[in-house]
Amino acid sequence: MVTEFIFLGLSDSQELQTFLFMLFFVFYGGIVFGNLLIVITVVSDSHLHSPMYFLLANLSLIDLSLSSVTAPKMITDFFSQRKVISFKGCLVQIFLLHFFGGSEMVILIAMGFDRYIAICKPLHYTTIMCGNACVGIMAVAWGIGFLHSVSQLAFAVHLPFCGPNEVDSFYCDLPRVIKLACTDTYRLDIMVIANSGVLTVCSFVLLIISYTIILMTIQHCPLDKSSKALSTLTAHITVVLLFFGPCVFIYAWPFPIKSLDKFLAVFYSVITPLLNPIIYTLRNKDMKTAIRRLRKWDAHSSVKF
């Protein structure tokens, strides 16, 4: 009976592991700083108390949480001889990954819907995207994330693990773990693709259709409004591609390639949460202005103190 799993990690080279430790330590620091900066800015600046920025702040919290499930252990494991995780710890990682990942999908869809209403039906925006609607969206996001993660965990919790325990990655995820089970997992592989893969692909297609409709609507707007809307949409579409691109290949692609899987796993858990705050702050004038106001307020408070 397997009681622990051994991660093979990203590399066997000690020199490369030292470099990767420094690189990902800086990256994770950037993830924490960037996403917390967005949350603090949105909460503290009344100019950003709108549905779009409410959803953005929640997206930043989920990005930070999603990265924190895997990145800290990956970083500490670079200096470990045996990169080990307990069986229960592995199940917890699977649960949290799909909990935050499922919730993020819903929030990205909600952000697409928010932009659709704001641009295509502006007169109804305040009625549809009211405070209660935003709270309801978050409740649905967490609820779907929970149901999705429980369904994923149900696939793995009763599987017999009696022999191989080496996971060729730096964290536990269902497609990799079920391959170590002492039973035929073909049907289970199909169920995982049907669950995570179909959910990912359908969500991605829905978002692409929504943003296509929005882009077609923008063409008929005045130049000043269309340029601002296009800037915001570019940020949204970039984030959607960064999130769903790796997900489609990890969960929906039936012919996994080990080296590509590791790269996509790093991209999904580290690079995307790092880039999202940069994209939203660099492409959004309101966010940049609010951050400057926050810095001035902080400097003023320090001088006063």
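Yeah, the Cβs are placed from backbone N, Cα and C, and that goes for glycine too.
The disulfide bond annotation in Swiss-Prot covers Cys90-Cys182. Contacts of Cys182 (disulfide bond) defined by a Cβ separation under 8 A and a same-chain sequence distance of 6+ are given as Pro160, Phe161, Cys162, Gly163, in order along the sequence.
Sequence annotations record features per position, and here Swiss-Prot assigns topological domain 'Extracellular' to 1-18 (among others) based on sequence analysis. In the predicted model, residues of the topological domain 'Extracellular' (1-18) average a pLDDT of 85.
The topological domain 'Cytoplasmic' annotation in Swiss-Prot covers 43-50 (among others).
Counting residue by residue with DSSP, the topological domain 'Extracellular' (73-93) contains 12 helix, 3 strand, 6 coil. What Swiss-Prot lists as topological domain 'Extracellular' is 73-93 (among others).
Per Swiss-Prot, topological domain 'Cytoplasmic' is recorded for 114-132 (among others).
Residues or ranges marked as topological domain 'Extracellular' by Swiss-Prot on the basis of sequence analysis: 152-188 (among others). Through the fold, the topological domain 'Extracellular' (152-188) approaches residues 1-2, 4-10, 69-70, 73-74, 77, 83, 85, 87, 89-91, 93-95, 97-98, 195-196, 250-251, 256, 258, 261-262, 265-266, 269 of its own chain, all at least 6 residues removed from its boundaries and within a Cβ separation under 8 Å.
Residues or ranges marked as topological domain 'Cytoplasmic' by Swiss-Prot: 213-228 (among others).
Sequence annotations record features per position, and here Swiss-Prot assigns topological domain 'Extracellular' to 252-262 (among others).
Sequence annotations record features per position, and here Swiss-Prot assigns topological domain 'Cytoplasmic' to 283-305 (among others).
Per Swiss-Prot, the feature transmembrane segment maps to 19-42 (among others); the stated evidence is sequence analysis.
Annotated transmembrane segment per Swiss-Prot: 51-72 (among others), in sequence order. Beyond its flanks by at least six residues, the transmembrane segment (51-72) meets 24, 27-28, 31-32, 34-36, 38-39, 42-43, 93, 96-97, 100-101, 103-104, 107-108, 110-111, 114-115, 118, 129, 133-134, 137-138, 141, 170-171, 232, 239, 269-270, 272-274, 276-277, 280, 286 of its own chain at Cβ-Cβ distances under 8 Å.
Positions annotated as transmembrane segment by Swiss-Prot: 94-113 (among others).
Annotation comment: Swiss-Prot describes 133-151 (among others) as transmembrane segment, evidence class sequence analysis.
Under the heading transmembrane segment, Swiss-Prot lists 189-212 (among others).
The transmembrane segment annotation in Swiss-Prot covers 229-251 (among others) and rests on sequence analysis.
The transmembrane segment feature in Swiss-Prot is assigned to 263-282 (among others); the stated evidence is sequence analysis.
Counting only same-chain residues at least 6 apart in sequence, those with a Cβ under 8 Å from the Cβ of Cys90 (disulfide bond) are Phe5, Val167, Cys172, Val177. Tertiary proximity for the topological domain 'Cytoplasmic' (43-50) is limited to same-chain residues at least six positions away from its ends with a CB under 8 Å from its CB atoms, namely 57, 286-287, 289-290, 293-294, 297. Listed by sequence, the residues of this chain that lie at least six past the ends of the transmembrane segment (189-212) yet keep a Cβ under 8 A from its Cβ atoms are 98, 102, 105, 108-109, 112-113, 115-116, 148, 151-152, 155, 174-175, 178, 233, 236-237, 240, 244, 247-248, 251-252, 254. With helix defined as DSSP H, G or I and strand as E or B, the topological domain 'Extracellular' (1-18) counts 5 helix, 4 strand, 9 coil.
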